[in-house]
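In Swiss-Prot this protein carries:
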| type | residues | note |
| --- | --- | --- |
| BINDING | R11, I12, D33, S119, N181, N314 | NAD(+) binding site |
| BINDING | S149, C150, T151, T180, R197, T210, G211, R233 | D-glyceraldehyde 3-phosphate binding site |
| ACT_SITE | C150 | active site, nucleophile |
| SITE | H177 | site 'Activates thiol group during catalysis' |
Amino acid sequence: MAKIAINGFGRIGRLALRRILEVPGLEVVAINDLTDAKMLAHLFKYDSSQGRFNGEIEVKEGAFVVNGKEVKVFAEADPEKLPWGDLGIDVVLECTGFFTKKEKAEAHVRAGAKKVVISAPAGNDLKTIVFNVNNEDLDGTETVISGASCTTNCLAPMAKVLNDKFGIEKGFMTTIHAFTNDQNTLDGPHRKGDLRRARAAAVSIIPNSTGAAKAISQVIPDLAGKLDGNAQRVPVPTGSITELVSVLKKKVTVEEINAAMKEAADESFGYTEDPIVSADVVGINYGSLFDATLTKIVDVNGSQLVKTAAWYDNEMSYTSQLVRTLAYFAKIAK
């Protein structure tokens, strides 16, 4: 049984606990977050986007009791001071968003943990993993890895199929993305000085940047320099879609594209021909759900523009992939 600690009990940290409770061989034994434990337990139990937690949680001195099992709760700002060695922590799931550099994340290792998985994009000095795309790049000797971003986890399986089967010359991706807590609920100064994210999240379509297209090269090196992209934040709390417009090396048909995607489907990469909307993907465990009804091809002067699209729950889809990576990393650890 691998012992897991979660550092940062926000949107991803709380959903990670839900998922880990369903995964044999993993046990969350500790959580670290600076927020009051009573508040954390309430936010874990009641979730506006993902629904109520079906199990039981109660707060006691210095701990939660989740489905009858005690989970220690700490409120320590410096990860290096956490008792990971005493608790025998195998892997820390780093979900604060603050310790995304290798040196900073290694504070958990210095505190006694064996491994760290960062729930965010990280630097080029770390392996960036999208499960069922490049997790076999891991050999178990790594101490810190990145689970990439929610959008990279959506884009990578679709891009891999296109590149493996037909070859990608170049492409541009757009994620139509739910709003997140780095936006304002009402107009006001943004903490990072972003004039667009300073505007009310639930009122407008808000253009934003995304690193997913460039980060894809950390997952699929053959795509380095071939993709770019942007994001459009829209007024829904979760449920997003990524569109990829590509120029391929081979002439293709819609049927060939869809057949290739269907053949590649697995636990991480779903396939649907249903006319779904974003509300239908809230809570799914696929990291990416390919929508065959949205595949389009335009022939232009002997060349083709190929548009493909995949849905994802930017919260639960990503968390499910993150936990798969976590479980695999714990299993192969050396």
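Cβ from N, Cα, C; glycine included.
A distance of 10 Å separates the Cα atom of T210 (D-glyceraldehyde 3-phosphate binding site) from that of H177 (site 'Activates thiol group during catalysis').
Look at H177 (site 'Activates thiol group during catalysis'): DSSP puts it in a strand.
DSSP classifies R233 (D-glyceraldehyde 3-phosphate binding site) as strand under the three-state reduction. On a Cα basis, H177 (site 'Activates thiol group during catalysis') lies 18 Å away from S119 (NAD(+) binding site). Non-local neighbourhood of R233 (D-glyceraldehyde 3-phosphate binding site): H177, A178, F179, T180, Q183, R197, A201, I205, I206, P207, N208, each in the same chain, at least six residues away, with C-beta under 8 Å from its C-beta. When the binding-site residues R11, I12, D33, N181 are screened for a C-alpha within 10 angstroms of the C-alpha of S149 (D-glyceraldehyde 3-phosphate binding site), no residue qualifies.
Secondary structure at S149 (D-glyceraldehyde 3-phosphate binding site), taken from DSSP and collapsed to helix, strand or coil, is coil. A coil conformation is recorded for S119 (NAD(+) binding site) in the three-state DSSP classification, outside any helix or strand. Taking the binding-site residues S149, T151, T180, N181, T210 in turn, the residue surrounded by the fewest other Cβ atoms inside 10 Å of its Cβ turns out to be N181. The secondary structure of T210 (D-glyceraldehyde 3-phosphate binding site), as reduced to three states from DSSP, is coil rather than helix or strand. Comparing CA positions across the binding-site residues I12, N181, N314, the one lying closest to C150 (D-glyceraldehyde 3-phosphate binding site) turns out to be N314. Long-range Cβ neighbours of R11 (NAD(+) binding site) (same chain, at least 6 residues apart, Cβ-Cβ under 8 Å): N181, E315.
Sequence-distant contacts of G211 (D-glyceraldehyde 3-phosphate binding site), defined as residues of its own chain at least six apart whose C-beta falls under 8 angstroms from its C-beta, comprise P121, S149, T152.
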